[in-house]
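> What TrEMBL shows for this protein is this:
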- B:135-224: domain 'Nucleoside transporter/FeoB GTPase Gate' (DOMAIN)
- B:250-296: domain 'Ferrous iron transport protein B C-terminal' (DOMAIN)
- B:306-437: domain 'Nucleoside transporter/FeoB GTPase Gate' (DOMAIN)
- B:64-87: transmembrane segment (TRANSMEM)
- B:125-150: transmembrane segment (TRANSMEM)
- B:219-235: transmembrane segment (TRANSMEM)
- B:241-265: transmembrane segment (TRANSMEM)
- B:308-327: transmembrane segment (TRANSMEM)
- B:339-359: transmembrane segment (TRANSMEM)
- B:366-385: transmembrane segment (TRANSMEM)
- B:405-422: transmembrane segment (TRANSMEM)
- B:442-468: transmembrane segment (TRANSMEM)
Amino acid sequence: MSTTPSPPTTNACGTCALNNAANLRRLGVDPSGHDLVVALAGNPNTGKSTVFNALTGLRQHVGNWAGKTVDRAEGGFEYHERRYKLVDLPGTYSLLSTSEDEDIARDFLVFGRPDVTAVVVDATRLERDLNLVLQILQITTRVVVAVNLVDEARRHGITVDFRHLSRELGVPAVGMAARRGTGIEDLLDALERVALSPDSFDGRRVVHRNRRLERAVSHLAERITQHVPGVTNPRWVALRLLEGDPALERAVAEGRLRDLVADPAGPRSETVPEEPDA
Amino acid sequence: MTRSPILDETDRLRAELPENFRDDIVESLYAEAARISATSLSHAERPARPTLDKLLDRILTHRVWGFLAMGVLLFGVFWFTIAGAAVPSDLLSGLLVEHGHEQLTRLARLLSLPDWMSGLLVDGVYLSTAWVVAVMLPPMAIFFPLFTILEDFGYLPRVAFNLDRLFAKAGAHGKQALTMMMGYGCNAAGVTATRVIDSPRERLIAVITNNFSICNGRWPVLILLGTVFLGQLAPPPLAAVVAAASVTTVAALGVLTALVVSWGLSRTVLRGATSVYSLELPPYRPPRVWRTLYTSLIDRTLKVLRRAVTMAAPAGAVTWLISNITVADASLAAHLVDLLAPLGWLMGLNGIILLAYLVAVPANEIVVPTILMLTMTLGTNLFGAEQGVLLDLGTAETATVLVQAGGWTLLTAVNLMLFTLLHNPCGTTILTIWHETRSATWTAVATLLPVGLGIVVTSLTAAVARWAGWG
């Protein structure tokens, strides 16, 4: 799967709104032959679709209101000679309760196993949106937090300390104003870094304050690792099982937990065939 | 099947946990999010902007002023659309319909095409397509950007917020207001959007009532009907105002119908508890005008127009064919119109209109040109039109034709607008409903309920009008 030696930057980017992202080539709806898969998650109305459009060059309908995207949209882009498939997940407030849009988002994160997940958060509603980030970090630590709408936050007199945020979360956090096309380059860099990193990230794990719960989760997680060695997120699986998540109970009963085993080689290499649609 | 040891272990551990352990999970999560957020953010002393946002919200989501603002904004958008589209519509009509048709007829004669072929292609396919472009492109090119700007600004969730209280009272889910907002773009998209509603009962209500949100395909038809029929009744300076008011009224009736039907369904076949949810009001954002103009022109206007044109061409052909195929001394169209006439009379419409609706089942956009074409063919021959040929007239003449040749009254125009609101969803939407519900019964209900309602309502207005002596 070889790519062209040098990305054509001049003609495509001369007219492009983001000409600082000179290495980005937007591939529209054609994610064929991709090397890496990026999931785009986030709360509703944080600008996921805007980020999606900025990266793929598509014009998916964007609207200033929550709950506009309920389906999974896919597109592609090329960055530093690697082809990425970008999957825009429905905006959800959490992955805890079960509605169809949350299921779509969660199933893709769990079983689609993207190489990296960009979680778009609203800088003006950081606390609320971090709930989702923390939940996603329990499923996967291959995460980049894209703090969007920093321009609006600034107008409200809010500034974000990205270094602190990155340190707390254990994964890169970048600031952006996707509507104006700023911060795309930082996001691309961070996505590439995480997707290609052979090491696993030390994402923030929520320690449960209730000690009995914490013990139960740890114990069950251990048992899961014994049964299916290599599961990336045993603690999350344990928690969901305790909560009685029917989808995961089914996965366990049918022995599909093995699907959750990470590749030993870290990020997926180019030799991996088209992954089955989750 | 033997149960997995992991699941057994899970059950054992769960039994040992306190009952409210799920709350503990959420609490730990929230506490952590709050801590990280608090240490990562710094605030300036006093933000200036939220006060303006708050002031706007106080008006736009007010119990009384909110609805008034809603009406004024909608009315303004329609008025702007109708007043602004008049001149370009006439220009396009002159260019495409009068001039283009004449040239093509000449070309057909030059190539000595057989009569039936030039009739089918030039008079049928071309003329109906040209007509759709001429009358639909200008209003859409104005309406869609305006609507998109409202959306971009953050107004639509406020509408949903206003309607939310009403929907809760109707026993429906608050998010139904959001899916209705989506339906104002496209009902198929609105039906898909009902996935955000968790309860199957409330989701079905939202699916069935989504059709009462007037979609992209029907806005132009209503704007056209309002302009051609109701606007013409008023003195010229007031024409656009009357037309805009009539379209606003129909849109409001759509919301009312959705509420009443939701209420009816939640009291009868879809009984159950109403879920509680919180609706998030996004901050107002300055709309990006140029970008909006561009995307709404490309994405919405051209998309809807393309659909209308691809549907208009075959519909034009069908209309020409049924007008020109003669069975037992009369055209096929005449027979069909006779057959539909009693129902048409009952509904305060006529057989021609119902036949036009049958021809235009795939896309509502082309109902009006089909009606005109059939009226010219079957009614008194006023302007010397040929069989099944779409007329090339301005809006004023169109009204004259329908009144004189079609025997239209005010009742006909009003009922046609009502029927445009209350009839079956388009083919795409029906298919989407089937995909989303996977139930033939509910798909049939969602399809037939609006038509049934349309027949009942128009029959009622017709009866009342006739009783009062207006019909």
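Backbone N, Cα and C define each Cβ position, glycine as well.
Bear in mind that TrEMBL entries carry predicted annotations, made automatically and left uncurated.
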> At least three Cβ pairs under 8 Å linking the transmembrane segment (B:241-265) and the transmembrane segment (B:405-422), pairs spaced 6 or more in sequence?
yes
> Should the transmembrane segment (B:308-327) and the transmembrane segment (B:125-150) be scored as in contact, given a threshold of at least 3 Cβ pairs under 8 Å and pairs 6 or more apart?
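Answer yes, regions in contact.
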> So, taking each listed stretch (B:125-150, B:339-359, B:442-468) in turn and counting its Cβ pairs to the transmembrane segment (B:64-87) that are under 8 angstroms, which one gives the highest count?
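By the under-8 Å Cβ criterion, the transmembrane segment (B:64-87) pairs most with B:125-150.
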> Under 8 Å between C-beta atoms and at least six residues away from its ends: which parts of the chain pack against the transmembrane segment (B:339-359)?
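Contacts with the transmembrane segment (B:339-359): 315, 318-319, 322, 333, 367, 370-371, 374-375, 378-379, 406-407, 411-412, 414-416, 419, 423, 454-455, 458-459, 461-462, 465-466, 471.
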> Tell me, roughly as an integer, the mean pLDDT over the domain 'Nucleoside transporter/FeoB GTPase Gate' (B:306-437).
77
> Mind checking how the domain 'Nucleoside transporter/FeoB GTPase Gate' (B:135-224) divides into helix, strand and coil residues in DSSP?
72 helix, 0 strand, 18 coil
> What does DSSP give as the helix, strand and coil breakdown of the domain 'Ferrous iron transport protein B C-terminal' (B:250-296)?
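Looking at the domain 'Ferrous iron transport protein B C-terminal' (B:250-296) with DSSP, the answer is 26 helix, 0 strand, 21 coil.
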